[in-house]
Amino acid sequence: MNTVDPITLAVVRGALETAQREMTLTLEKTSRSSVFNLAHDYSNALFDHLPEMILQGQDIPIHLGSLIPAMKCVAGFFGDEIAEGDVIYHNDPAYMGSHILDCCMYKPVFYKGELVFWTVCKGHLTDIGGPVPAGYNPDAKEIYAEGLRIPPVKLWAQGQRREDVINLLLTNMRARAYQEGDLNAQYGACSVGERHLIELLDRYGVDQVRACITELKDMADRHMRALLRDVPDGFYSGTAILEDSGHGLGELSITAQVEIRGDEAHVLIESPPQVPYFINSYAGNSISGVYLGLMMFAQVPPPYNEGLYRCVSVDLGPSGTLCNAQEPAPHVNCTTTPMETLADAVRLALEQAAPERVTASWGHASGINIAGHDPRNNNDEYVTMVLASVISGAGANKAMDGWPACGPLCCFGALMSGDIELLEYSYPVLIHRYSLMTDSGGAGEFRGGSGTRLELEPLKHAMTVVGFGEGRQLPTAGAAGAKNVLLEPKLGRLIHRHVDGEEDHYIQNTLLTAQPGERVINVNPGGGGYGDPLRRPLATVLADVRNGLVSIDGARLEYGVVIDGNGQLDEAATHAHRAAH
């Protein structure tokens, strides 16, 4: 164990956290797209020279887990050809990226000629080229039909901006001004982080800072090992189901085999062969899914760095499978599907080991991208993911209900829906409704968080809509004996309502065009419940009904609570009903 002065350790740790927070604020305040500045679909991290992650932000989990293998891949790609002033860009899943819309910037930090740190920023660009706006192409049979792949490439070389390379990238993207603005914001964030780190090195020197970082990683390792020692040794298995894509694949299953031995864990993933559809997951993304499933169980205190995973080994199964995809498998939906299902499989396995530790599953992402030409602004092209459309409910745990409208499992509460008024200001749409959905939270002693309903209309133009995600066929999984009776309210939905009132309902990923006067309605599922619903206190169920979160029928059918037409609790009927069940 390192002997580091605890005061110095606390100051260095605080300085690292400040550097990361300043990176986040820079992105929020200087980026161009609503996906960045409203929804915060980005993540920042700091790495040391090894390169190992020394600090992750409280950002998007699916980004952060994949950064660990991606950083090593990028650094190894350039080897000794990394110089002061270089900036590297990358999105390719074949190089441990997540999906090609998540573009990552890596800035090496040199101090007195020595590489000491990396500042890293990953964010979801609203477009990456390809035949479908926003990149989600449900008809893609290969990765080449999804958009621009960017293997590790230097956008700045020894401090010089490479305009030819940057122009090549941006020329292949829709709504170029938005993508360029977000790319520049990423550069600003990495540079701000670099400045803070150099100030830290000026104060304490390389050796002292490295000693503190080693201790912080060791501390995270000790926390995780202590948790695993409290879990009974054994083999645990969990299987989660991917919904029918409508492409002749049927339902697909992912199984996680978790072995706990002392203070170590080994995770083996079993998945079917990769498919000619955009739900394949390459290794970097799948590793992140395993880590997310583990962290739904672990609940360890900070610091959060690569030390957490020293005692965890991951085997994704044979190459060419759904969770260990190889070129040219299409993949762009992978950060939601199958990643959320993969994380669920790990969570289900760990629930067998220690059910009191797990969180029920969160609602899966079930959202839309929109694109068109803005009639208010010289018909300029726009394209964006509507982040308010992917706000599902959080899972409950042994002590509390799931949070409503907290975002999908892949983001674990870090994704913001953004202000509806700012969405309308930024894009030519009218929001008719944005609300929580009654009976959408999974039933349990602790109820799952409610999902959301968004209704929008294009204004004075035809709007392309891309529906993606899951949760439209299978309800969110609960935990510890939770069970649902009302299934329909707990499912996501995508509805195209025409001017005459006729509606088209979609349960799979789809492309459609909406005209002025028509509505696109997107419903996100709620989170899973925890524990037996019949153990939920009567007063709590009554409060849920009065707040519109549970219907009178839902109270009776799922919780055994009888409420009359005046909204009053019938205790005698309730006790009889619960006794009969």
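Each residue, glycine too, has its Cβ placed from N, Cα and C.
As recorded in Swiss-Prot:
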- ASP41, HIS99, ASP102, HIS124: Zn(2+) binding site (BINDING)
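Apart from ASP41, HIS99, ASP102, HIS124, the residues listed for Zn(2+), the same chain places the Cβ atoms of ILE60, HIS63, SER98, LEU101, CYS103, LYS122, GLY123, LEU125, THR335 within 8 Å of the centroid of those Cβ atoms. Cβ contacts within 10 Å of ASP41 (Zn(2+) binding site), excluding its own Cβ and spanning all protein chains shown: 27. DSSP classifies ASP41 (Zn(2+) binding site) as coil under the three-state reduction.
Within the same chain, the residues at least 6 positions away from ASP102 (Zn(2+) binding site) whose Cβ sits under 8 Å from its Cβ are HIS63, ASN91, LYS122, GLY123, HIS124, LEU125, THR335, listed in sequence order.
Counting every protein chain shown, the number of other Cβ atoms lying within 10 Å of the Cβ of HIS99 (Zn(2+) binding site) is 29.
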